[in-house]
């Protein structure tokens with residue numbers, strides 16, 4: 001992001017994750033306490049406020065000083081309740097935690113100093129490699145640990161927001177990005193859009209934009225189907241206060257507490273809507289074949305054509321099934337289609353139950369928010385900048401169509417599982433304490449994941465990061481942007497500094513003079529209105545030819561040439577957003593350092609488990625994932641940034657498919673699918689070397705005897721190698737593919753490998769070392785004889 005304003009982390013709505021699932025925003029217990037079960041907030045005045053000990057367990061989190069949370073002053077001078085509360089970790093937990101971090105830092109420094117004083121002269125290159133590894137892991141630990149010195153949790157009060165802004169919530173533009181209907185299953189995308197359309201936010205104050213970067217007719221017609229099904233799904237959600245509002249996830253739930261006002265009609269409505277949803281899924285799944293059949297019919301009528309045809313009998317302007325000039329990947333026209341127009345400001349009640357309308361919506365507002373399909377122009381010779389480029393196009397197009405002062409972006413495989421998710425970040429953006437809200441550039445939600453295997457083998461929940469590291473960053477300027485589940489202030493994306501650095505109007509004028517925004521005067525003319533955080537959505541009355549021309553210019557490849565887009569304006573381009581010791585003999589001092597450092601790792605981990613509210617399994621899986629990442633992914637990220645700084649170019653990352661093997665019938669099938677990439681090589685090498693080290697240690701113990709000095713020193717050194725292998729255990733199962741379902745196979749294979757290495761050492765290594773020892777002894781005797789002389 002181009003802006004430098006502060007950011008904040010919301011503890012209330014956790015924003016999604018994708019493991020065969022979709023976006024998700026959920027309220028953790030106590031964070032947004034509203035409604036009967038403290039989970040699903042309601043807009044009614046009877047919604048409960050956040051309790052004073054909220055935001056977490058009373059024995060861990062405490063509110064900051066009352067003077068720091070006093071509310072803003074209203075026009076009559078009376079104090080208003082704050083829109084969010086701030087909590088910090090109790091001193092009884094935080095101070096020992098900080099002390100242990102300091103002790104571990106001292107131990108690590110002392111350990112490095114000791115190793116420098118005790119170099120391994122017999123294997124200098126191995127000692128050097130080992131020290132490089134030590135420095136890398138020590139440096140990465142310091143970077144990971146320092147932000148955790150002052151974790152902060154901020155909890156929005158949605159009830160206070162309703163009291164203060166009951167009818168004047170600002171506008172929000174919601175961006176959803178997708179690329180390929182196969183790699184990113186289209187069912188995920190339609191559930192994402194449906195959960196957004198059904199959100200509990202004033203329907204005339206937000207709009208939804210889908211960016212299809214593949215330009216496929218399948219995505220467009222899926223959105224047409226979504227617009228039709230939403231006429232049933234959204235009123236059903238409003239009538240019965242459904243949670244979550246992604247139909248796939250809602251109908252998968254076995255039980256749920258009822259929040260609506262007409263429980264007697266729920267069962268019949270549920271059956272009807274579920275039947276309609278199943279038919280909707282059939283239409284979505286068959287879109288590809290339907291479009292192909294239609295195109296075959298039209299092509300047969302037009303000899304020589306091999307086009308992809310829309311339902312209205314016209315050529316699809318995007319990519320075709322059979323690539324043609326101007327209709328293929330990387331070369332097609334830009335498309336902007338409004339599928340649902342912006343609704344009126346007045347509620348529109350539905351119809352009573354009848355033969356044609358079996359669901360009674362007579363007391364329900366049936367308006368739908370604005371829905372827009374976008375596919376930007378693609379031409380050869382242009383770097384289209386992947387997801388960031390697509391979102392910058394949406395930022396420009398939305399400025400002309402709705403121009404909401406706030407923007408939320410989601411990935412296409414997410415769903416909103418908490419209907420008031422859009423309200424939660426507004427508590428931070430609109431809070432009036434010391435202009436704090438106006439100085440907030442973005443609010444980042446933590447993510448939650450569905451369909452994770454029960455053992456969470458690969459730390460897919462990533463709770464340590466979202467509930468630990470991100471809350472820690474919250475105690476500094478704010479969390480980092482995670483690429484999804486984030487609300488931005490629109491002008492922050494334009495590169496406008498916070499109000500304390502100057503008025504938005506003067507900044508925009510200066511940047512426009514420097515041609516930072518491009519040549520569209522219509523777009524630049526919307527910026528000042530987009531800076532007004534109290535502004536709702538004012539859509540264009542008519543999309544005439546002049547507006548269509550402006551939209552075509554804003555989606556064109558060449559629009560950003562000579563501008564600051566991707567650097568100072570919009571989403572930044574070219575950013576990647578996403579332990580072995582060949583050591584000296586384990587002397588007593590060395591073992592003491594090693595045991596002390598490892599022990600402190602686990603003691604510090606217990607404190608993190610306490611204040612972050614995670615489980616011990618979460619923490620252990622995170623340790624395993626950290627080892628896997630730091631042997632492959634993290635060094636690559638450092639290399640990427642180094643190349644970016646030196647050459648201005650980075651490493652190419654390919655989008656991986658999120659499609660699960662449909663024929664397997666196993667929702668965890670992706671766990672056993674191996675996608676071989678170069679990033680796997682370093683970790684595989686480290687795993688192999690540690691297995692070999694264990695084999696050599698066993699061989700030494702067998703050759704010299706486990707009770708001899710060489711034997712027991714080898715066994716002690718092997719303990720560390722075994723610990724590394726335990727941390728790499730999930731990785732080893734992963735590279736086994738389908739065999740990973742049978743962990744016993746891994747243990748047998750490792751045992752055989754260790755035995756083979758040990759046997760080779762006994763056969764070849766031990767005699768050689770014995771021979772060297774004999775030579776050394778003979779040389780020693782000869783030297784002694786020469787010193788003492790013939791009579792000695």
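Cβ atoms are placed via backbone N, Cα and C, with glycine included.
Automated prediction, rather than curation, is the source of TrEMBL annotations.
Sequence annotations record features per position, and here TrEMBL assigns UDP-alpha-D-glucose binding site to 184, 213, 386. What TrEMBL records for 387, 411 is Mn(2+) binding site. For 34-53, the entry in TrEMBL reads region 'Disordered'. Annotation source TrEMBL lists transmembrane segment at 97-114, 126-144, 590-613, 633-655, 676-699, 711-732, 744-764.
Put simply, of the binding-site residues 184, 213, 386, the one whose Cα is nearest the Cα of residue 411 (Mn(2+) binding site) is 184. Residue annotation for UDP-alpha-D-glucose gives 184, 213, 386. The furthest Cα pair among them is separated by 15 Å. Here the transmembrane segment (744-764) does not touch the transmembrane segment (97-114). Their Cβ atoms form fewer than 3 pairs under 8 Å, with each pair 6 or more residues apart. Cα of residue 387 (Mn(2+) binding site) to Cα of residue 184 (UDP-alpha-D-glucose binding site): a distance of 14 Å.
The number of other Cβ atoms within 10 Å of the Cβ belonging to residue 411 (Mn(2+) binding site), over all protein chains shown, comes to 24. Neighbour counts were taken as the number of other C-beta atoms within 10 angstroms of each residue's C-beta; across the binding-site residues 386, 387, the minimum falls on 386.
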